[in-house]
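Student: Pasting a structure here, questions to come.
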């Protein structure tokens, strides 16, 4: 098995050497910077394979459609997502409890919007929490949502009207709330933004769905050479714990870029931005690593102040 992967690993290492000689550790034009040089953030132009005015890349949809049948296999291609799920909840709790809540809410009032929900790993677990009122989960990948819906029907507690709703939609298709107060308490984007071609317009649409005092929580990967080696070479080629073609290093987003982007929009003041670096340790699962947001996988949370 190792020998069959050797040519691809060698090719990737050669690619790394060439790219390193051409680019600094952090490219001069970061992918998500709200400045005049941040073409990807401000541009509304779609890729050649992407419908106009859509954040959905058909290539990404095709990739995840192929993984649909194995989504709920805890030992399959989505294994790392299953293992990461407890940290998702832990980070959301940390965001909501370590910063003063400016707009009073009670646990029974929590409404979630899970964007890019995939097969529903997080959506189902959030819907089962005693403090959850409802979870709306959207994804543009039809085959994956069929798996999510079928799995939901296996649990009678999730069949209560409004408890967990799946919608085969992109964020562009989701109707915005008629007023800010009708938004969601928690909006999640887990392992999604690094698969979006135009992150700026995508995030602008997402912001509309967070209520004042609510949180937008996401997870993604920093764009560094360390992350390239770990996610593309080691995870995909050497260990084979992630399906090939899952990661596109050019689409990774740095935590500092997110902080600046949200800060310029008046979000996350008075400590309302949180990060948590994490790393996957074979045999031990995902572990928090202080400072890991600067070079690898991380969670990012930001509060809407008004």
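Positions of Cβ are set from backbone N, Cα and C atoms, glycine also.
Below, the features straight out of TrEMBL:
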type     : residues          : note
BINDING  : 88, 116, 139, 190 : S-adenosyl-L-methionine binding site
BINDING  : 191, 194, 195     : Mg(2+) binding site
COMPBIAS : 41-57             : compositional bias 'Polar residues'
REGION   : 41-60             : region 'Disordered'
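Please situate the listed features within the shown structure.
Tutor: All protein chains included, residue 190 (S-adenosyl-L-methionine binding site) registers 22 other Cβ atoms within 10 Å of its own Cβ.
Long-range neighbours of residue 194 (Mg(2+) binding site) (same chain, six or more residues apart, CB within less than 8 Å of its CB): 220, 221, 247, 248, 251, 252, 253. In the three-state DSSP assignment, the secondary structure recorded for residue 194 (Mg(2+) binding site) is helix.
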Student: Which one is closest to residue 191 (Mg(2+) binding site) in space, judged by CA to CA distance, out of the binding-site residues 88, 116, 139?
Tutor: 116
